[in-house]
Amino acid sequence: MLKFQEAAKCVSGSTAISTYPKTLIARRYVLQQKLGSGSFGTVYLVSDKKAKRGEELKVLKEISVGELNPNETVQANLEAQLLSKLDHPAIVKFHASFVEQDNFCIITEYCEGRDLDDKIQEYKQAGKIFPENQIIEWFIQLLLGVDYMHERRILHRDLKSKNVFLKNNLLKIGDFGVSRLLMGSCDLATTLTGTPHYMSPEALKHQGYDTKSDIWSLACILYEMCCMNHAFAGSNFLSIVLKIVEGDTPSLPERYPKELNAIMESMLNKNPSLRPSAIEILKIPYLDEQLQNLMCRYSEMTLEDKNLDCQKEAAHIINAMQKRIHLQTLRALSEVQKMTPRERMRLRKLQAADEKARKLKKIVEEKYEENSKRMQELRSRNFQQLSVDVLHEKTHLKGMEEKEEQPEGRLSCSPQDEDEERWQGREEESDEPTLENLPESQPIPSMDLHELESIVEDATSDLGYHEIPEDPLVAEEYYADAFDSYCEESDEEEEEIALERPEKEIRNEGSQPAYRTNQQDSDIEALARCLENVLGCTSLDTKTITTMAEDMSPGPPIFNSVMARTKMKRMRESAMQKLGTEVFEEVYNYLKRARHQNASEAEIRECLEKVVPQASDCFEVDQLLYFEEQLLITMGKEPTLQNHL
């Protein structure tokens, strides 16, 4: 289980995580880029240094929480550990949580397909709608994820299209448990997370939050996937709340099956006890038939993937069998694995020294061979020039002597005889050429020892090596010089590196990794098993979980007022930035008076349009007032506004 890390020093202000690229967080996560920001905090894409290959990318969510008490961090740690145990293909994996400075950080699975809300807006702008079979498939995936949560007596509390993510065209419920983790036992956790489009009537009326509230939110997501709009919409915050609490139940367009519309309407029943549970919805005949079709399709896809994997594994085994590994190599690898990290570091330094010696030897051999070739070329060239000069001089002298000795009446020898004599004289002279006969004007160039040493030093300086002393005692100090700052943290890293190196030496270059690199294959296989379990399930006895009776874990609320105030502070700053400080104050004060006097919506809209171009621009201010009212109720204080509900 991952440890919950507490900041060594906690400053008074809110200090955000550095956004500088390649920033290392918690000595493990490398910051890649900023993905976005929300009401609770900022989301970053990070790379996990300790993750398997292909699984490095993760999401870090940074939430500013201010100063934390020790009991709060312990309680948060317990709930974070609970969330990290959840493993389902329709739920974004919760990896870890820790405190960095005064920010609460959550590490989750990375989904490259963005969230469902972005997908809906993309299709809406293009004038397209989702195919019916795609909506049914996604709806079933969400039902499987919600049923998995409710079976473990855990609520999501913030289901909405922004918290549903796509990965390989499969839906995954994200931000799971975040609001519950941050708000503790506060019944207003869902209310304080954003717009009210997905809130159930009982949550808005503070009548408790249970599994049926998640079912209501899931129905709102289904409607949004079908109609590309919210199930409950309005010009201002309170109008949306009134439609949810008192308005009529929306219906799907006629292009969708009546069975699907009936399912959605049953999920939007204002009486929580009359809403079906997730497993009951999956057992409805219409969806049961869709489940069987999906299971057959997923099984076929899984079978094809397994066949491909078997072929790759067979090729990998053949390559491994063909490669010869000596017993001595295996023994050496075994000895390396038994070493401590300190011994492995010493061994690597020895190997680096040997590698340097080999490179130096190679450089010297190359220089020696180059000098030998140059010397031979010069020797051959000077020898040819010397031979020509000597032969020409001897031939000339010999001809002069023959002329002097020859009588006047005798004819000179034939050209053939003269040539034979010349070749004979050349052979006699060519047997005795030495370096002593070379002229002094053309000396043989040679490499000076100091020049050779400078060349070697220049060649090795690029390798980043330093001089290794020849004295054994000094060399021992050289090999141990890096251990002064050695710590337990580097022990783990060195151990991992040392264990990876022998495997790389044995493994063939084209071999397949031992783990699955395609996450979609494992998700589809897991979904097929989930569908099989649902189809084989006959019991519909699913308990309703309420936050008032059965909570996730006992103990005091976590963060509560701190998180609520942080939320409202950011909302206030956002509204002031949009409207301007003076306009914001005017709208805020007017809406506060109007709600207290129970003014009509038409009157409020008319007055607001005198201050701002559109009354809808004041939606966030109206929402801020509502949140402030609910916070006062939660803290046991008397509300200042008129209760409309």
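From the backbone N, Cα and C atoms, a Cβ is placed for every residue, glycine too.
Annotation comment: Swiss-Prot describes Leu35, Gly36, Ser37, Gly38, Ser39, Phe40, Gly41, Thr42, Val43, Lys61 as ATP binding site. Within its own chain, Leu35 (ATP binding site) has Val43, Tyr44, Leu45, Val59 as residues 6 or more apart in sequence whose C-beta sits under 8 angstroms from its own. A strand conformation is recorded for Leu35 (ATP binding site) in the three-state DSSP classification.
Swiss-Prot lists Ser273 with the feature phosphoserine, giving experimental evidence as the kind of evidence.
For the coiled coil (346-385), the model gives a mean pLDDT of 86. The feature coiled coil is assigned by Swiss-Prot to 346-385.
Swiss-Prot lists 399-445 with the feature region 'Disordered'.
Reported as a whole number, the C-alpha separation between Ser273 (phosphoserine) and Ser37 (ATP binding site) equals 36 Å. Ranking the recorded positions Ser37, Ser273 by the number of CB atoms within 10 A of their own CB puts Ser37 at the top. Look at Val43 (ATP binding site): DSSP puts it in a strand. Looking only at other Cβ atoms within 10 Å, the busiest spot among the binding-site residues Gly41, Val43 turns out to be Gly41.
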